[in-house]
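Going by TrEMBL, these are the annotated features:
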DOMAIN    33-182  domain 'Out at first protein BRICHOS-like'
DOMAIN    206-273  domain 'Out at first C-terminal'
SIGNAL    1-32  signal peptide
Amino acid sequence: IPGMSTARTRPPSVQLVYFLAAFCLLNWAANCSELRVRVRLTNGQVTEEILEADSEKDFISLEFKEGDGTLITFIADFKQNVKLFRALILGELERGQNQYQALCFLTRLLPNEIIPSESMAKLRQKNPQAVRIAEEQRGVEPLTMDVAVNFSKASQLSAHIHNVCAEAQEAIYTREVDVKYWLDRGADGSMFEILPKASDFPGLQSCQASEDFWRPCTCQYSLRLEWYPCLLKFCRSRDNSGKVSPYKCGIKSCRKGYQFDYYVPQKQLCFWDGET
(Lines of atoms letter the chains of each structure in order from A; the text may use other names.)
(Lines give C-alpha, C1' and ligand atoms only; values in the text may rest on other atoms or scores of the structure.)
Protein backbone atom coordinates (compact mmCIF):
# COMPACT_ATOMS: atom_id res chain seq x y z
CA ILE A 1 0.00 0.00 0.00
CA PRO A 2 1.25 3.41 -0.88
CA GLY A 3 3.08 4.76 1.99
CA MET A 4 3.50 1.85 4.72
CA SER A 5 7.11 1.27 7.07
CA THR A 6 7.88 -0.43 10.32
CA ALA A 7 9.49 1.95 12.80
CA ARG A 8 9.10 0.71 16.38
CA THR A 9 7.81 3.41 18.70
CA ARG A 10 6.21 3.06 22.10
CA PRO A 11 2.40 2.57 21.91
CA PRO A 12 0.21 4.51 24.33
CA SER A 13 -0.77 1.47 26.40
CA VAL A 14 2.26 0.33 28.42
CA GLN A 15 0.62 -2.95 29.39
CA LEU A 16 -0.14 -3.84 25.77
CA VAL A 17 3.38 -2.90 24.69
CA TYR A 18 5.00 -5.25 27.19
CA PHE A 19 2.65 -7.99 26.08
CA LEU A 20 3.42 -7.53 22.38
CA ALA A 21 7.13 -6.93 22.95
CA ALA A 22 7.35 -10.29 24.69
CA PHE A 23 5.92 -11.94 21.59
CA CYS A 24 8.37 -10.06 19.38
CA LEU A 25 11.38 -11.07 21.46
CA LEU A 26 10.39 -14.70 21.21
CA ASN A 27 9.72 -14.42 17.50
CA TRP A 28 12.45 -11.98 16.49
CA ALA A 29 12.83 -13.57 13.06
CA ALA A 30 10.30 -11.11 11.57
CA ASN A 31 7.13 -12.76 12.86
CA CYS A 32 6.17 -9.52 14.63
CA SER A 33 5.70 -6.13 12.97
CA GLU A 34 4.36 -2.70 13.84
CA LEU A 35 2.70 -0.12 11.64
CA ARG A 36 1.89 3.47 12.63
CA VAL A 37 -0.84 5.16 10.61
CA ARG A 38 -2.15 8.72 10.92
CA VAL A 39 -5.94 8.68 10.67
CA ARG A 40 -8.59 11.40 10.57
CA LEU A 41 -11.37 10.95 13.13
CA THR A 42 -15.02 11.79 12.50
CA ASN A 43 -14.67 15.10 14.38
CA GLY A 44 -11.83 16.16 12.06
CA GLN A 45 -9.01 15.54 14.54
CA VAL A 46 -6.03 13.41 13.54
CA THR A 47 -4.90 10.48 15.68
CA GLU A 48 -2.20 7.86 15.29
CA GLU A 49 -3.18 4.21 15.11
CA ILE A 50 -0.65 1.59 16.10
CA LEU A 51 -1.20 -1.75 14.38
CA GLU A 52 0.69 -4.86 15.45
CA ALA A 53 0.72 -8.25 13.76
CA ASP A 54 2.22 -11.56 14.82
CA SER A 55 1.94 -14.17 12.09
CA GLU A 56 3.14 -17.03 14.33
CA LYS A 57 0.72 -16.32 17.20
CA ASP A 58 -1.84 -15.37 14.51
CA PHE A 59 -3.30 -12.16 15.83
CA ILE A 60 -3.59 -8.48 14.93
CA SER A 61 -3.94 -5.58 17.36
CA LEU A 62 -4.97 -1.99 16.73
CA GLU A 63 -4.74 0.82 19.29
CA PHE A 64 -5.45 4.56 19.22
CA LYS A 65 -6.70 7.48 21.31
CA GLU A 66 -10.01 9.14 20.58
CA GLY A 67 -10.36 12.93 20.67
CA ASP A 68 -11.47 12.93 24.32
CA GLY A 69 -8.46 10.86 25.42
CA THR A 70 -10.25 7.48 25.54
CA LEU A 71 -7.84 4.67 24.64
CA ILE A 72 -9.32 2.04 22.31
CA THR A 73 -7.69 -1.36 21.80
CA PHE A 74 -8.90 -3.93 19.28
CA ILE A 75 -7.51 -7.45 18.90
CA ALA A 76 -8.39 -10.05 16.27
CA ASP A 77 -7.34 -13.48 17.55
CA PHE A 78 -7.47 -15.72 14.49
CA LYS A 79 -6.45 -18.86 16.37
CA GLN A 80 -9.45 -18.66 18.68
CA ASN A 81 -11.82 -16.75 16.34
CA VAL A 82 -12.30 -14.02 18.95
CA LYS A 83 -12.60 -10.25 18.55
CA LEU A 84 -11.71 -8.21 21.63
CA PHE A 85 -12.53 -4.53 22.14
CA ARG A 86 -11.24 -2.60 25.15
CA ALA A 87 -12.02 1.01 26.06
CA LEU A 88 -10.24 2.97 28.79
CA ILE A 89 -12.65 5.88 29.29
CA LEU A 90 -11.40 8.93 31.18
CA GLY A 91 -13.59 10.17 34.03
CA GLU A 92 -14.02 13.67 35.45
CA LEU A 93 -12.57 13.69 38.97
CA GLU A 94 -14.22 17.01 39.83
CA ARG A 95 -17.59 15.34 39.24
CA GLY A 96 -16.82 12.43 41.55
CA GLN A 97 -16.01 10.00 38.74
CA ASN A 98 -13.13 7.52 38.77
CA GLN A 99 -9.92 8.44 36.95
CA TYR A 100 -10.95 6.03 34.22
CA GLN A 101 -13.36 3.18 33.59
CA ALA A 102 -12.38 0.10 31.61
CA LEU A 103 -14.73 -1.97 29.43
CA CYS A 104 -14.07 -5.15 27.44
CA PHE A 105 -16.37 -6.60 24.79
CA LEU A 106 -15.84 -10.04 23.25
CA THR A 107 -17.47 -11.35 20.08
CA ARG A 108 -16.82 -14.11 17.59
CA LEU A 109 -14.40 -13.22 14.79
CA LEU A 110 -16.02 -14.06 11.46
CA PRO A 111 -14.15 -14.95 8.24
CA ASN A 112 -12.96 -12.06 6.06
CA GLU A 113 -13.60 -9.31 8.64
CA ILE A 114 -9.95 -8.23 8.53
CA ILE A 115 -6.88 -9.28 6.55
CA PRO A 116 -4.83 -12.27 7.80
CA SER A 117 -2.05 -11.62 10.32
CA GLU A 118 0.57 -12.83 7.82
CA SER A 119 -0.53 -10.19 5.29
CA MET A 120 -0.76 -7.51 7.96
CA ALA A 121 2.80 -8.25 9.09
CA LYS A 122 4.06 -7.47 5.56
CA LEU A 123 2.43 -4.03 5.21
CA ARG A 124 4.75 -1.05 4.80
CA GLN A 125 4.18 2.64 4.13
CA LYS A 126 6.18 5.05 2.00
CA ASN A 127 4.64 8.21 3.44
CA PRO A 128 4.19 7.96 7.24
CA GLN A 129 3.00 11.59 7.44
CA ALA A 130 -0.02 11.03 5.18
CA VAL A 131 -3.41 11.32 6.91
CA ARG A 132 -5.51 8.38 5.82
CA ILE A 133 -9.26 8.01 5.38
CA ALA A 134 -10.83 4.58 4.92
CA GLU A 135 -11.96 3.63 1.42
CA GLU A 136 -15.09 1.77 2.56
CA GLN A 137 -17.62 2.87 5.17
CA ARG A 138 -19.16 -0.18 6.84
CA GLY A 139 -21.69 1.63 9.02
CA VAL A 140 -22.49 0.84 12.66
CA GLU A 141 -23.15 -2.66 14.00
CA PRO A 142 -25.53 -2.77 17.01
CA LEU A 143 -24.56 -5.44 19.54
CA THR A 144 -26.61 -6.44 22.59
CA MET A 145 -24.10 -7.69 25.15
CA ASP A 146 -26.33 -9.81 27.37
CA VAL A 147 -23.71 -12.01 29.09
CA ALA A 148 -20.99 -11.16 31.64
CA VAL A 149 -17.67 -13.04 31.42
CA ASN A 150 -15.67 -14.20 34.45
CA PHE A 151 -12.18 -12.74 34.03
CA SER A 152 -10.40 -15.51 35.95
CA LYS A 153 -11.67 -18.16 33.51
CA ALA A 154 -11.72 -16.16 30.29
CA SER A 155 -8.21 -17.03 29.07
CA GLN A 156 -9.55 -20.22 27.51
CA LEU A 157 -11.47 -18.02 25.04
CA SER A 158 -8.34 -16.05 24.16
CA ALA A 159 -4.95 -15.67 25.83
CA HIS A 160 -5.13 -11.92 25.15
CA ILE A 161 -8.01 -11.37 27.57
CA HIS A 162 -5.81 -11.81 30.65
CA ASN A 163 -3.45 -9.05 29.52
CA VAL A 164 -5.78 -6.58 27.83
CA CYS A 165 -8.84 -6.81 30.11
CA ALA A 166 -7.07 -6.77 33.48
CA GLU A 167 -8.44 -3.28 34.27
CA ALA A 168 -11.96 -4.35 33.25
CA GLN A 169 -12.32 -7.49 35.36
CA GLU A 170 -15.86 -6.57 36.46
CA ALA A 171 -16.93 -5.26 33.06
CA ILE A 172 -16.29 -7.95 30.42
CA TYR A 173 -19.29 -8.62 28.19
CA THR A 174 -20.31 -10.86 25.31
CA ARG A 175 -23.49 -12.12 23.58
CA GLU A 176 -25.57 -15.24 24.08
CA VAL A 177 -25.18 -16.15 20.40
CA ASP A 178 -21.38 -16.11 20.79
CA VAL A 179 -21.57 -18.07 24.05
CA LYS A 180 -23.49 -20.84 22.27
CA TYR A 181 -20.78 -20.98 19.60
CA TRP A 182 -18.01 -21.26 22.23
CA LEU A 183 -19.91 -23.81 24.35
CA ASP A 184 -20.31 -26.04 21.28
CA ARG A 185 -16.52 -25.99 21.03
CA GLY A 186 -15.89 -27.02 24.61
CA ALA A 187 -15.75 -23.74 26.55
CA ASP A 188 -16.46 -23.91 30.28
CA GLY A 189 -20.01 -22.63 30.78
CA SER A 190 -19.28 -21.51 34.34
CA MET A 191 -17.37 -18.47 33.04
CA PHE A 192 -20.58 -16.96 31.66
CA GLU A 193 -23.42 -15.24 33.55
CA ILE A 194 -26.61 -14.19 31.79
CA LEU A 195 -27.34 -10.54 32.57
CA PRO A 196 -30.82 -9.32 33.62
CA LYS A 197 -33.14 -8.38 30.77
CA ALA A 198 -35.73 -5.64 30.51
CA SER A 199 -38.43 -8.23 31.21
CA ASP A 200 -36.80 -8.90 34.60
CA PHE A 201 -37.11 -5.23 35.58
CA PRO A 202 -40.41 -3.61 34.60
CA GLY A 203 -39.73 0.00 33.73
CA LEU A 204 -36.01 -0.55 33.09
CA GLN A 205 -34.79 2.56 31.31
CA SER A 206 -31.77 3.47 29.28
CA CYS A 207 -29.08 5.10 31.41
CA GLN A 208 -29.41 8.23 29.31
CA ALA A 209 -33.09 8.56 30.21
CA SER A 210 -32.76 7.55 33.88
CA GLU A 211 -32.45 10.27 36.54
CA ASP A 212 -31.58 7.93 39.42
CA PHE A 213 -27.83 7.23 39.69
CA TRP A 214 -28.44 4.18 41.90
CA ARG A 215 -31.01 2.32 39.81
CA PRO A 216 -30.25 -0.34 37.16
CA CYS A 217 -30.41 0.79 33.55
CA THR A 218 -29.32 -0.17 30.05
CA CYS A 219 -25.95 1.36 29.17
CA GLN A 220 -24.79 2.14 25.67
CA TYR A 221 -21.19 2.54 24.57
CA SER A 222 -20.12 3.26 21.00
CA LEU A 223 -16.72 3.19 19.35
CA ARG A 224 -15.43 3.30 15.81
CA LEU A 225 -12.41 1.75 14.12
CA GLU A 226 -11.62 4.61 11.77
CA TRP A 227 -9.10 2.80 9.58
CA TYR A 228 -8.16 -0.86 9.35
CA PRO A 229 -7.07 -3.23 6.54
CA CYS A 230 -10.25 -5.20 5.88
CA LEU A 231 -9.61 -6.87 2.52
CA LEU A 232 -6.74 -7.90 0.27
CA LYS A 233 -6.62 -6.58 -3.28
CA PHE A 234 -5.66 -8.96 -6.06
CA CYS A 235 -4.20 -8.12 -9.46
CA ARG A 236 -3.61 -10.44 -12.43
CA SER A 237 -0.37 -11.23 -14.21
CA ARG A 238 0.28 -13.13 -17.42
CA ASP A 239 3.36 -15.30 -17.92
CA ASN A 240 5.19 -16.02 -21.20
CA SER A 241 2.83 -18.84 -22.02
CA GLY A 242 -0.17 -16.57 -21.64
CA LYS A 243 -1.37 -18.14 -18.39
CA VAL A 244 -3.09 -15.62 -16.11
CA SER A 245 -2.57 -15.88 -12.34
CA PRO A 246 -3.74 -13.62 -9.46
CA TYR A 247 -1.35 -12.07 -6.93
CA LYS A 248 -1.77 -9.83 -3.87
CA CYS A 249 -1.19 -6.21 -4.81
CA GLY A 250 -2.46 -4.15 -1.89
CA ILE A 251 -5.17 -3.78 0.71
CA LYS A 252 -8.56 -2.15 1.04
CA SER A 253 -9.14 -0.06 4.15
CA CYS A 254 -12.45 0.10 6.03
CA ARG A 255 -14.12 2.14 8.74
CA LYS A 256 -16.69 0.52 11.03
CA GLY A 257 -18.61 1.50 14.14
CA TYR A 258 -19.86 -0.68 16.99
CA GLN A 259 -22.70 0.11 19.41
CA PHE A 260 -22.71 -1.99 22.57
CA ASP A 261 -25.83 -2.15 24.76
CA TYR A 262 -25.70 -3.91 28.13
CA TYR A 263 -27.20 -3.96 31.63
CA VAL A 264 -25.57 -2.13 34.54
CA PRO A 265 -26.79 -2.28 38.18
CA GLN A 266 -26.27 1.49 38.65
CA LYS A 267 -26.35 4.44 36.29
CA GLN A 268 -23.10 5.79 37.75
CA LEU A 269 -21.29 2.89 35.99
CA CYS A 270 -22.36 4.46 32.69
CA PHE A 271 -21.53 8.13 33.25
CA TRP A 272 -20.81 8.86 29.54
CA ASP A 273 -24.35 7.78 28.60
CA GLY A 274 -26.07 9.82 31.26
CA GLU A 275 -24.90 13.39 30.67
CA THR A 276 -27.70 15.91 30.98
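Every residue number used here counts from 1 along the chain in the order it is shown.
Cβ from N, Cα, C; glycine included.
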Secondary structure content, the domain 'Out at first protein BRICHOS-like' (33-182) (per DSSP, counts of residues): 28 helix, 66 strand, 56 coil
Mean of pLDDT values spanning the domain 'Out at first C-terminal' (206-273): 88
